[in-house]
Each structure stands twice: as structure tokens, then as C-alpha cells.
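Structure first, then comments.
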Amino acid sequence: CPAHRPLSGSRVRQSFPPAVEEGLCGVTSALLELAYCLQALGEYFDQSHVALPNVSKFFLHHALEERKAAEALMKYQQERGGHYCSKNIQKPNCEYAVGLVKALEVAMVQWKTMIRYFEELYALSIENADPHSASTIKKQFIGPKIRKIKLMGDLLTNARRLDCSQDGRNSLGDYFMDRLQKEFRTGIEPESSQQCSPCPPLQPCSGAAEGLKRPQREFSQHRNGIGPIYATIHCTTTLPQCNDGTGAKVKQGREGL
């Protein structure tokens, strides 16, 4: 960052070489440009004539991660007593990436470039006796970028195996990658994999059994010609003993009427 000017009179600045601060400022701008490029790729694959929503979510997710990494570098500079000088973010040069294979290749090249920047910044921190910056860069930035490059290599291998498009033409391989590739489905799997908790086992209920028996008793009463009023008043004690429709006690009740 040749245009960087360190702040004067910072009270928290300690063992923070100006060369490392300038390098951090330049790498932060490169991260913001990378996030802009990935966001442009994500917006492209979300268009109606492309219609690869999971691929779009994949690039937009990584664009958000790169933006957070740039913000983390800004915060680290402030903690060390430095500052980030704002710059013009360049327009992403990815208009030619109109196919899935080309887009993955562009993303891999961008991440390889970022790793080279961080490695140069790491070497600069060691050269200027700044072990804290060197340790932070190695653990929090170089390691995740290496894993991303491995991920992009696997995706490129599968895309070429399925003969995905490189010139924007419609390809069945693009559809299979969008629907079946696990890395592209990370944005929708948590929502679609939600399952309801198992229902508790049914408990035996004596009241339900009695409720099922009651209509049978009422049906037997109507079948024997006993009205509901008589069954309520006179047959409360004798009804359980009248299993057949011609019991003696039922006849007594009829004679009483």
C-alpha cells in the first residue's frame, strides 16, 4: 500500500513495523476485491436464464466470509495501533466466467493469489521482527485459504467429470452439480433436514374404553324398546345385568310402566 500513512501519536502502538502495517492495509483491500468478485459470480448464477440457486448461495456465502476476513484485518490493525486507509475497489474482472467450470477456475485463481499475498506478508512480519502478526496471519488466514483451494480443486474435478458448461450453454452436468454436490447444498440442507420430534407413545385410558362401551349399551336399550327416560330413572342398577334383551328385570320394568 504505497499510499498508506501511519497515524502519529497512537498510545497502543508497540512493536508494529510500518512495513507490516502497509502490507496489512494492502491485503485488506485485496480481500475486499475478492469478496466483490465472488459476489458478482453469485449474482450471475441466480439469474433466471442460469437458474443454479445452490451455486449462487455457495459463492455468496464465500463472499461474505472474505468480507468478514477483511473486517478482521481492519480490527487487528486498530488493536495494534494502526489504521486502514480507504481505497477504490476495482471492478471484478469475471465477465467471461459464464460457465460453472470457468467460475470455479476464477475463484481458485483468486484464492491462490490471496495465499501468495498472505505468505509474502508472513515473510515480511518475520523479517521485521513482528512475531505476533506472523502468528495471526498463519493461523487465521493462510490455513483457511489452503482448505478452500482444496475444496475448489475437488469441485473442478467433479465439474469436468460431469462435462459442465464452460461457455454458458445449458448443460445437464450443471444441474447435477447444483442439486447433488454436497458443498453446494450446505445452504439448504439445515432447513430441509429438520424433522419433527417423535410422538410420545399412546397411554392406556380407562375413560376412553368406557366411552366406547356406552353407545353399545344405549343401542341395546333402544333395541329392547326402552326409552331414554326409563333407562335413566329405573335401569341405572339393573342394566348391567340385562345382557340379553329379554331379561326378567327388564320385563319387571315394563310391567311397572
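Keep in mind that glycine also has a Cβ here, set from the backbone N, Cα and C atoms.
Features as listed in TrEMBL:
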BINDING   Glu66  Fe cation binding site
DOMAIN    14-163  domain 'Ferritin-like diiron'
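Packing around Glu66 (Fe cation binding site) is summarised by its Cβ count: 24 other Cβ atoms lie within 10 angstroms of its Cβ, all protein chains included. Residues of the domain 'Ferritin-like diiron' (14-163) grouped by DSSP class, helix first, strand second and coil last, total 114 helix, 0 strand, 36 coil.
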